[in-house]
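Asks: Pulled from Swiss-Prot, these are the listed features:
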- Asp473, Asp479, Glu482, Glu483: Mg(2+) binding site (BINDING)
- 44-160: domain 'tRNA-binding' (DOMAIN)
- 420-495: domain 'B5' (DOMAIN)
- 742-835: domain 'FDX-ACB' (DOMAIN)
Amino acid sequence: MLISQNWVTELLGRSNPDWKVSPAELDSGYVRVGFETEGYSAIPETTGPLVIGRVETIEELEGFKKPIRHCFVNVGDANGTGELQSIVCGARNFQEGSYVVVSLPGAVLPGNFAISARETYGRMSAGMICSAAELGLSDKQNSGIITLPNEIAEPGTDARSIVGLDDTVFDVNITPDRGYALSARGLTRELASAFNLKFVDPAVDLNVAGVDTSDVPESSGELIKVDLRPETQARRFGVRKVSGIDPKAPTPFWMQRELMLSGQRCVNAATDVTNFVMLLLGQPMHAFDANLIKGGLVVRNALEGESFETLDHVKRTLSAEDVVISDDTGIQSLAGVMGGTTSEISDETTDVFFEAANWHPITTARTSRRHKLSTEASRRFERGVDPEIIEVALDVACALLVSIAGGSVESARTLIGSAPSMPQIRMKTSRPAELAGVAYSDATVIARLKEVGCAVEVDGDDLLVTPPTWRPDMTMSADLVEEVLRLEGLEDIPTIVPLAPVGSGLSPAQLRRRAIGHALAYSGYAEILPTPFIRNDTFDVWGLAADDERRSVVTVQNPLDAEYGVLATTLLPSMLEAVTRNVSRGQTSVNLFGLQQVSFKRGSGISPMLDVRQRPSDNEVAELLNSLPVQPLHVATVGAGFMELEGPWGHGRTYSFADAIESARVVARAAGVELNVENVEMLPWHPGRCAALKAGDHIVGYAGELHPQIVEALNLPARTCAMELDVSALPLKESFPAPVLSAFPVLHQDLALVVDESVPAESVRKVIEDAAGELLEKVELFDVYRSEALGAEKKSLAFSLEFRAQDRTLTDDECSEGRLAAAGRAAELFGATMRA
């Protein structure tokens, strides 16, 4: 969150008038109470004469492409003569009598923009009337000329301190569990603890916030009929109305300044007020043009497919999980995220409905992510907003708008729902000291909990603590301990470095994982990290049966992307997306592998809450483990395009299903096991080009060419191949026997067998391996040949045989004997014939 130092010190200074702090000290204060700052920066320096001026006369110049005004501005004695200063300006948001900020010749503005006197548009311009952007207060170039309250200072007075150029902006990193700190109210509470200052809640004493609500009448009667439907899970909903405002009244500079320094865009008085209240109190609000609201309001779930145009002028198709605010004419707001164009504030708006609600955090987060629409409002509702602040926020917004744009506040108000009661937590007073190893007194523990906003009762050695409504993250005694330790100073907890146990090296499972990764990398595959999430409709696209094991997915309750809401049971979806992405960017050959855990649902998936103060029982541990998903380690390879690139060394070779199967064998060799393959049908693979990978009698994976329909549906290259194998299902070997080395040479012979097309090459290879005798050391398939001469439905399988003995040099006859024995056995089993 961006917040200026001057605003923080102003809010705390009203209760602590003698408190002064430097930017470095303030930065340390944030860190001391557990908030990291991304950094802080002073407003860019302006040198030279920068003064307050009063516009005395304005002459409209004609004949130019854009409106130009020639102004005479009273800058007192700052120009050395006391005469009116001639300045040409194109802005329209000031008039005669306006107090403005003037940079005179010799001034240098941020960006090294030097001001000098020069003739332009036929008039002498000796200076510049400045906008917020030109002074470094805003990065919005259309921020407009700064107009100050009348009689704010004598013309010619230095303007730097008046417009707040002596300020520093802090970027405070707010963690997801500390939503209350996304406001000046929350941050000043924390800083009061950091610097041991008196804290007065600006939501309780509005004088601290500098807001006078004396003109806001006590509520009486219902303002507008609201139907707050229970399925929306909204806790509270409130509306107040301001009538008869001046729609063109400018937002005062003091408010514009805080909005701009906090990264907000100034729009109009009503909208700026809602943003200011959000920054001050942490309650997001929305302003409707009351004359465009017809009938009552209904807070409901959207209809599936319902359309709505948000304020950013994007038409959005809504989900039935989205919550909307609608009237008799249709949707007016996407609850907790953004309003709509149908009732937005305009230059004709005279009556305003202010809406403040307490939306369900998870519903808001899902809507924001579903529509890729993260707003300042959604950020706060996702983290939790104080449900008790709604009445105060509505009154403050009404008071501010009336003070800026006139009008009156209607006495009627609509307020539905009530704040939920906070749980009372029991904690031993000594618990923080026990955990931290620091002797915290009982008084210290109680004082720190009260600083957070808790109500504390003493019950013997225990404390009964009720967290404040703005701290929904405090649900157990451990949360209370954390608050005490944080505010007392984590840096004061003694550091005791535990003795590190003697290292035992990598475990056998870790060694196997590393060996598999190295082996695949050496084989030409590039490793990627598959995402742990997959699309919700992945297995529908694949056409998997309803009872397929891969559909046993773990659903993520609060996904980062609503379309990727389940944990992966297979690595292939993520890897195939990577192939598509690489091919779309010009890669003609993509050979990837991934080595990662997948997750299969087991049991209810709901973990029991265990007592952290004692060792859980065996039954509790078993229950906990049974609630966790099964997470085996999988390895997958995907290949498309060339496996061997074309070059001076010869023609390239495209990736085929045989390469996918070979990648499985690479994995098996690295793991020290032997794989067998057999033909099967398994989606997403091609029914005729898929092999089951078996370790012993158990199927541990599949490899082959992907199904053409799936290739087309996923925009993959034709004949993309893939392999996936469950590494955890392979027997884990802690040692590998070294191969026996022979001093005698190896003899090579080839064997080509003609078999039916349906006979798997692996089956023939195994028969040769079994029948060729003990002298056979290695057998490999090196060629598959088909031709008309062989006959229809026939193929030739050529194998390379290596023979070697441990005690002598073999003769050709001995090798031929083994070769012929293998051919004979293949003839018996498959009807194979030797090819000349």
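Every residue, even glycine, has its Cβ placed from backbone N, Cα and C.
Where in this structure would I find these features, and how exposed are they?
Replies: Around Glu483 (Mg(2+) binding site), the same-chain residues at least 6 positions away in sequence with a Cβ under 8 Å from its Cβ are Arg448, Leu449, Val452, Met474.
Across the domain 'B5' (420-495), mean pLDDT in this model comes to 93.
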Asks: Just to be sure I understand, if DSSP states are collapsed into helix, strand and coil, how many residues of the domain 'FDX-ACB' (742-835) fall in each?
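Replies: Final tally across the stretch: 30 helix, 32 strand, 32 coil.
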Asks: Sort the residues of the domain 'B5' (420-495) into helix, strand and coil with DSSP and give the three counts.
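Replies: Output for the domain 'B5' (420-495) reads 32 helix, 14 strand, 30 coil.
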Asks: Specify the count of other C-beta atoms within 10 Å of the C-beta of Asp479 (Mg(2+) binding site).
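Replies: If we count other Cβ atoms within 10 Å of Asp479 (Mg(2+) binding site), we arrive at 17.
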Asks: Quick one: give me the count of other CB atoms within 10 A of the CB of Glu482 (Mg(2+) binding site).
Replies: 17
